[in-house]
């Protein structure tokens, strides 16, 4: 069955050992790294706009615990801000409306169960005057749909947030269909032709520009966006950290072709709908559109192995790290890979991938480059 983004682009569902719920620690670590940026943007909304009902949207929310961590963090920031700045009573706190958005294939059933647990946990604090006085009323809804389309009314949202989503494209470049390529070129490689690389770059430019235009329409004047996604440290597109990550996946798929487990034609027609941009590429699009003021942009790094918290260049156990990296990538890629090659190859594929990652880490400890962008809707004078 051919891959379809709107159907197949979602994280591995459920709560099993290969699920996204159990393998989303990298995203959790990224959320911790960008907390100060999120706090600054949230406080700016509270200070400048003073909304009675604050509408917050998490775009590409997925279905794991990080989604509710975001809700908890924003609620905490607002409660703390109101206490410090205004010493507000509970009846004067803003009401919070959270919209959790993702494509229809997302595991919304699991997400709604987490929301129910979250609401029950919040309810247990009722009656505790000290705690309740600091808790803004909070309402949470799911919102299926692509963030590459309009999903909110005009000027209705105060704060947009997105974590590890905007590296995903709305589609693989259309012009690549039917193009002759190497089995290893599922993403950008050093041997890929410049014309093919340009197609990946143009798809990013098209998608990111569209995303910003859509959010501009949906944000209130002075509204904020905090966007965190996989990028690259250097401007040279051939030296991106993601190139290694997905290159090893391509090699693993090629090994299954050699074993007769995967059809060569299926691998030759497979592209990842991904692009990891540089800071320069992101800034250029924001400035070119002129729709947003840029408050903050930075790059930080996270080890491939989410359980490796060391800052050095050595990997202490490459085999274990290889397995950890494979679990994380499987949780993200499983539905896409299964739609193209079938579910029966998944265990063998990611076993091979873990082996290749371990070998790679013996020679080079590699890290994800993560971009954090904080922007504010600009006032355009006609």
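Just so you know, glycine gets a Cβ as well, placed from its N, Cα and C.
Going by Swiss-Prot, these are the annotated features:
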- 20, 61, 66, 102, 103, 146, 147: S-adenosyl-L-homocysteine binding site (BINDING)
- 27, 168: anthranilate binding site (BINDING)
- 268, 270: Mg(2+) binding site (BINDING)
27, 66, 146: which of these binding-site residues has the highest Cβ count within 10 Å of its own Cβ?
27
Highest CB neighbour count within 10 A among the binding-site residues 102, 268?
102
Three-state secondary structure, which DSSP defines for residue 268 (Mg(2+) binding site):
helix
Looking only at Cβ atoms, how many others are within 10 Å of the one on residue 270 (Mg(2+) binding site)?
20
I need the least crowded one of these binding-site residues (61, 103), counting other C-beta atoms within 10 angstroms of each C-beta.
103
Out of 27, 168, 268, 270, the binding-site residues in the record, which is closest to residue 102 (S-adenosyl-L-homocysteine binding site) when you go by Cα distance?
168
Counting Cβ atoms within 10 Å of each candidate's own Cβ, which of the binding-site residues 147, 168 comes out highest?
147
Which of these binding-site residues is closest to residue 27 (anthranilate binding site) if you go by CA atoms: 61, 66, 103, 147, 268?
66
